[in-house]
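J.: Dropping a structure here in C-alpha cells format, bear with me for questions.
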DNA sequence: ACTCATATTGACAATCATTATCAATAAGCC
DNA sequence: GGCTTATTGATAATGATTGTCAATATGAGT
C-alpha cells in the first residue's frame, strides 16, 4: 500500500518519447495532437496524467506560459537551470544563471526570508521569428 | 480615435481602492467577492476589465499563481520591479533587480532573441513564518 | 442645466485548459 | 491461463477568463 505499484504502458512511453523528440516546451494539448497525428489513439486525459507523472519524477520540466498554459519539456540534466524561450515557435535554450542564483539568495536573506526558491524564465522572440515578424 | 477617451466611473475607483487596501496579491475573483461584500453591486467582468486596465497603466502588478490564477497587487513604485513573496503568509516585498534586468537582456541578445520579457519572482518563508516553522 | 454621442457596464454565454468520473481494459504476478 | 487492480479514455464537470450586446451613465458641447 505504501508502494502503489506503477505499471508500464505504451502510452506512458509514447509521451516520454514525444517529449524527448521535441526541442522546446510543449503544451499538453499540443503533445496530444502530435501523438494523435502520429497514429497513437492516446487519450487527452492520459497525456495530462503522463506529463504530471514525468514532472513529479523530475524527468520533465514544467512552467507556465504567459497565457496561463502549462508547458512541458524533457529534462535530462537534473541540475538546476533556467530557460530562454521563444514565445512564438517555442524554441528553448537552457541558460545558466549563477549570478541570479546568488542574487536571489542575497535578496531573500536581506529581508529575513529563508528557504528561498525562485522562478526565473526569459521569454522573447528568437532570431528566426523576429525576422518573420518584421518582414 | 487615437485617444479612446477614458471615463471615470465609481467602479474603476472601487477596484483601485480595494487593491490599495490589500497588502498581498489578490485574484480578480477574490477582489470581486470583497467588493460585493462591501456593498458594491459591481459586476465580475468589470473587475476583470478594471484590473487589466490598471495593469496596463502600470498601476498594478500582475503575476500567475502556481495554480494558474492571475493575481494582482497595488503597485507603489511605477517602475519595473519584482517580488519577494512569503509562500506561507503571502507577505510581499517589492525588490529591484537591476543586475537581473541587465542579465536577462544580455542572455536574450546573446542568443539572438528580441523583445525579451522575463519572469523573476522569489518565493520563501518570511522571518515570522520561519520562526513558526522552526521548532 | 439639458442633450447627445459613445464609453462603459453587467448578466450571461462562450472558451479554453485542466481535472474528475467511472466502466472497460490490460499489466504484472501467481 | 487466471486474477487483482492500476490504468486508460470518452465525456462531463470545473473554474478562470473573455466575448456579447442591450441598457446605462459619463463628459463634452450648447
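All positions are counted from 1 along the displayed chain.
Cβ from N, Cα, C; glycine included.
Under the heading Fe cation binding site, TrEMBL lists B:80, B:101, B:118. Taken from TrEMBL, the feature Zn(2+) binding site applies to B:86, B:89, B:126, B:129.
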J.: Work through the binding-site residues one by one (B:80, B:118) and point out the residue whose CB has the fewest other CB atoms within 10 angstroms.
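T.: Counting other Cβ atoms within 10 Å of each of the binding-site residues B:80, B:118 gives the minimum at B:80.
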J.: Let me know how many other Cβ atoms fall within 10 Å of the Cβ of residue B:126 (Zn(2+) binding site).
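T.: Looking across every protein chain shown, the total is 23.
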J.: Select the most exposed residue of B:86, B:89, B:129, where exposure means the fewest other Cβ atoms within 10 Å, treating these as the binding-site residues.
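T.: Each of the binding-site residues B:86, B:89, B:129 was scored by Cβ atoms within 10 Å; lowest is B:89.
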J.: Among the binding-site residues (B:80, B:86, B:89, B:101), which are close to chain A, meaning C-beta separation under 8 angstroms?
T.: B:86
J.: Say you check the Cα of residue B:118 (Fe cation binding site) against those of the binding-site residues B:86, B:89, B:126; which is nearest?
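T.: Out of the listed candidates, the nearest Cα belongs to B:86.
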J.: Can you tell me how many other Cβ atoms are located within 10 Å of the Cβ belonging to residue B:101 (Fe cation binding site)?
T.: 16
J.: Can you tell which of the binding-site residues B:89, B:126, B:129 lies nearest to residue B:101 (Fe cation binding site) in space, using Cα positions?
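T.: Checked the binding-site residues B:89, B:126, B:129; minimum Cα distance to residue B:101 (Fe cation binding site) goes to B:126.
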J.: Given the Fe cation site residues B:80, B:101, B:118, which other residues of that chain have a Cβ within 8 Å of the mean position of their Cβ atoms, reported in sequence order?
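T.: So the extra residues in range turn out to be B:82, B:97, B:100, B:104, B:105, B:117, B:120.
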J.: To the nearest Å, how far is the Cα of residue B:86 (Zn(2+) binding site) from the Cα of residue B:80 (Fe cation binding site)?
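T.: Answer for this pair: 20 Å between alpha carbons.
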